[in-house]
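**Q** The structure under discussion is supplied below as structure tokens; questions concerning it will follow.
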Amino acid sequence: MKEAIDKERIPKHIAVIMDGNGRWAQGKGAKRVFGHRNAITAVRETITGANDLGVAYLTLYTFSTENWSRPKLEVKAIMELLVKTLTDQVPNLMKDNVKLTLIGDMGMLPPRSRAKLSEAIEETSRNTGLTLILALSYSGRWEITNTVKDIAKKVADNEIDVEEITEDMITSHLLTKDYPDPELLIRTSGELRISNFLLWQLAYTELYFTEVLWPDFRKEHLLEAVADYQRRERRFGKTGAQIKS
Ligand code: IPE
Ligand code: IPE
Ligand code: MG
């Protein structure tokens, strides 16, 4: 599979909706939490796989704003797992030269999770390889709503004029302002929807859906997704002939 990939056309930014943990566990007659616990290998393989390919940014949808509405025990288990995984994985991130960052509503997280996240971010902040962006307590509409508020405040304070509001300006107020839009979005588990992920940023992203449940996702699946992406023609509204010339 690796031979099928054109090194010159690796997406700079890949975003992943890591879905299907609960169904994976239930398929084995286990509780949903068992699926979350078994998702770590998939995360590891995706990070090292992306890093090896030379991908610059990897955004992982880890927990959505709407996921707070899940049963209390599941939410608690996910938050604990997050703290434990981050603590365990920082040495690996250091070894792989991965820089960790976050997008989302950090105020919603339990203080212990927030503290561990801050530590991991600080520790990896000088790494120069892949930037790993965890979307945590994140949703696209939440992000856009905050952005509208920020810009409206600037208008109200006479810092900017309404006429100065452009697409680029909005982009530069998003949490993702330092990252290019993803060229490729992968969603596992066979669900064909975006579930309130990077709504603004996915405008022209190539979407790739696979039936594989997240805990089973491996490097080879990532390579398949990238190979599929490379077979597509991205037209951005133009005609195929325009793109070829
Ligand atoms: C993705 O797996 C993980 C999170 C959303 C936190 P799910 O927990 O959504 O698993 P399914 O979709 O119910 O199988
Ligand atoms: C999306 O998965 C969120 C994450 C993977 C973190 P969900 O399982 O929450 O999405 P829906 O509810 O099936 O759309
Ligand atoms: Mg799900």
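Quick reminder: no glycine exception, Cβ is built from N, Cα and C everywhere.
Residues or ranges marked as Mg(2+) binding site in TrEMBL: Asp19, Glu206. For Asp19, the entry in TrEMBL reads active site. Per TrEMBL, substrate binding site is recorded for 20-24, Arg32, His36, 64-66, Trp68, Arg70, Arg187, 193-195. The active site, proton acceptor annotation in TrEMBL covers Asn67.
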**Q** Of Asp19, Glu206, which of the binding-site residues has the most Cβ neighbours inside 10 Å?
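**A** Result of the Cβ crowding comparison: Asp19.
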**Q** Quick one: what's DSSP say for Gly22 (substrate binding site), helix, strand or coil?
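**A** Once the DSSP labels are grouped into three classes, Gly22 (substrate binding site) ends up as helix.
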**Q** Check the binding-site residues Trp24, Trp68 for other C-beta atoms within 10 angstroms of each C-beta and report the one with the most.
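**A** It comes out as Trp24.
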**Q** List every residue in the same chain as His36 (substrate binding site), at least 6 positions away in sequence, whose Cβ is under 8 Å from its Cβ.
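**A** When sequence neighbours closer than 6 are ignored, His36 (substrate binding site) has Asn21, Ala25, Ala77, Ile78, Leu81 within Cβ distance under 8 Å.
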**Q** Using C-alpha atoms only, work out the spacing between Gly22 (substrate binding site) and Asn67 (active site, proton acceptor) and round it to an integer in Å.
**A** 13
**Q** Show me the subset of Asp19, Asn67, Glu206 whose Cα is within 10 Å of Arg187 (substrate binding site); these are the recorded positions I mean.
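**A** The recorded positions close to Arg187 (substrate binding site) (Cα within 10 Å), listed in sequence order, are Asp19.
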